[in-house]
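Single-structure report; data block below.
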Amino acid sequence: MADNACSVTVVGSRTRVDVSLPGGLPVSELVWDLVDLVAEPEGEGRVPRWGLVRTGGRVLSGERGLAEQGVTDGSMLFLRDLARPPEPPAIDDYAEAVALAVDARGGRWTAASRERVLLAVAVGWALVASAFALRLDGLALRTVTALCGAALLVLAGTLAARRWGRGGVGATLALSSLPLWGVGGMGAGLLAGLSGLPLYPAAAGFVGLGAVFALFAGETARAPVAGVLSALGAPAAVAALCLALGAGPVQIASVLATLALVGVRFAPRLAVRLAGLGSQRSLSPLALRPHVDAGHSLLAAMVAGAALVMAASCVLLALDGGWYERGLVAAVALGAATQVRHFRFALEAAPLALAALAGLGALELAGLRYLWAGS
């Protein structure tokens with residue numbers, strides 16, 4: 001019997017022991033001694049059916065011996081209650097588990113990472129080019145250089161989106177041309193004889209025009225373009241009209257603040273139409289999802305642009321206007337605050353809340369300045 005002894009490791013639910021077991025005895029005659037050896041807990045209200053399980057999950061027959069079933073020295077046997085379903089192992093394969101843990105970590109250098117880095121470099125070069133264009137001596141050269149650079153970026157973005165299927169890259173390249181459009185617009189205004197306040201609507205108008213051109217880079221650019229047009233394009237047109245009528249900065253700000261607040265009320269309907277939701281009544285919820293996401297993106301961008309116009313106009317009115325203008329600021333700020341409850345998502349509601357806080361904060365600052373001047 002001693003010649004058939006097997007030196008094995010028996011693993012229980014609490015402890016493990018290294019023992020030498022007779023290889024010829026049936027396993028059923030060994031398990032109860034092993035239960036006492038590893039101090040297995042007693043079953044609650046039932047009699048456990050103990051057995052030995054090899055690595056990999058194969059259950060040893062209770063009627064045959066260890067040697068007959070191929071158990072050799074150094075084997076690992078698990079003492080289990082066979083009446084219970086086996087528990088899933090914590091780790092099936094250590095090397096595989098480590099590989100999965102490594103794969104789950106973020107920050108890997110992938111094709112998408114390379115794309116983002118190259119994209120950031122392209123945007124950085126666009127900003128550097130804008131600063132370089134501003135430092136050119138000749139006004140005409142500065143204007144032509146900026147506009148040509150902007151057009152090249154829009155062309156590159158359009159090619160990346162439509163020919164190579166890189167919608168995000170194309171949209172970013174096209175939108176990175178906006179600073180150059182602004183520099184070119186400022187130069188074009190100076191060449192046209194404009195000076196002072198009218199230069200700002202001219203630059204903003206060129207930026208809005210560049211945003212419209214960025215639409216050639218695909219649908220990914222639609223929401224950012226909507227935001228740019230809401231914050232710069234439409235206000236530039238309104239400001240140009242007001243300037244043509246002889247209005248000053250305070251009067252223009254009054255008109256812009258009021259129109260921006262009114263525009264927020266119409267933004268949801270416009271977003272629904274631009275996203276094509278009004279004509280897609282027969283589609284399934286899954287097919288409608290892209291249209292709904294596009295609608296929310298457009299709405300958030302338009303509301304953010306209008307809120308920016310409101311905030312800037314209210315600050316100007318509160319600090320440079322009279323009591324009538326400050327009353328208008330209070331009305332616009334309260335109107336923006338009441339509109340917050342109509343929006344369910346943070347990207348849509350937060351800009352309005354911030355615009356309201358900016359207006360009320362500017363009023364408080366104007367009041368403190370008035371008190372200090374009086375003292």
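Any Cβ shown, glycine's included, is placed from N, Cα and C.
A quick note: this is a predicted structure, and the numbers were derived from the prediction, not measured.
The domain 'EccD-like transmembrane' annotation in TrEMBL covers 116-366.
Under the heading transmembrane segment, TrEMBL lists 117-134 (among others).
Within its own chain, the transmembrane segment (140-161) has Cβ neighbours under 8 Å at 126, 129-130, 133-134, 167, 169-178, 180-181, 183-184, 187-188, 190-191, 210, 213-214, 216-218, 220-221, counting only residues six or more beyond its boundaries. According to TrEMBL, the transmembrane segment annotation covers 140-161 (among others).
The feature transmembrane segment is assigned by TrEMBL to 173-193 (among others).
Feature annotation from TrEMBL assigns transmembrane segment to 199-218 (among others). Using a Cβ-Cβ cut-off under 8 Å and counting only residues 6 or more beyond its ends in the same chain, the transmembrane segment (199-218) has close neighbours at 150-151, 154, 157-158, 160-162, 167, 170-171, 173-175, 177-178, 180-186, 188-190, 192, 224-225, 228-229, 232-237, 239-240, 243.
Taken from TrEMBL, the feature transmembrane segment covers 225-246 (among others).
The transmembrane segment annotation in TrEMBL covers 298-319 (among others).
Proximity of distant same-chain residues to the transmembrane segment (352-372), defined by a Cβ-Cβ separation under 8 Å and at least 6 residues beyond the stretch ends, is recorded for 264, 303, 307-308, 310-311, 314-315, 317-319, 326, 329-330, 332-334, 336-337, 339-340, 343. Residues annotated as transmembrane segment in TrEMBL: 352-372 (among others).
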Contacting positions for the transmembrane segment (225-246) when only residues 6+ beyond its ends and CB under 8 Å are counted: 175, 178, 197-198, 200-202, 204-205, 207-209, 211-212, 214-215, 252, 255-256, 259-260, 263, 274, 298, 301-306, 308-309
Tertiary contacts of the transmembrane segment (173-193), as residues 6+ beyond its ends and Cβ separation under 8 Å: 119, 122-123, 126-127, 129-130, 133-134, 139-140, 142-143, 146-147, 149-151, 153-154, 156-158, 160-161, 199, 202-207, 209-211, 213-214, 216-217, 221, 224-225, 228
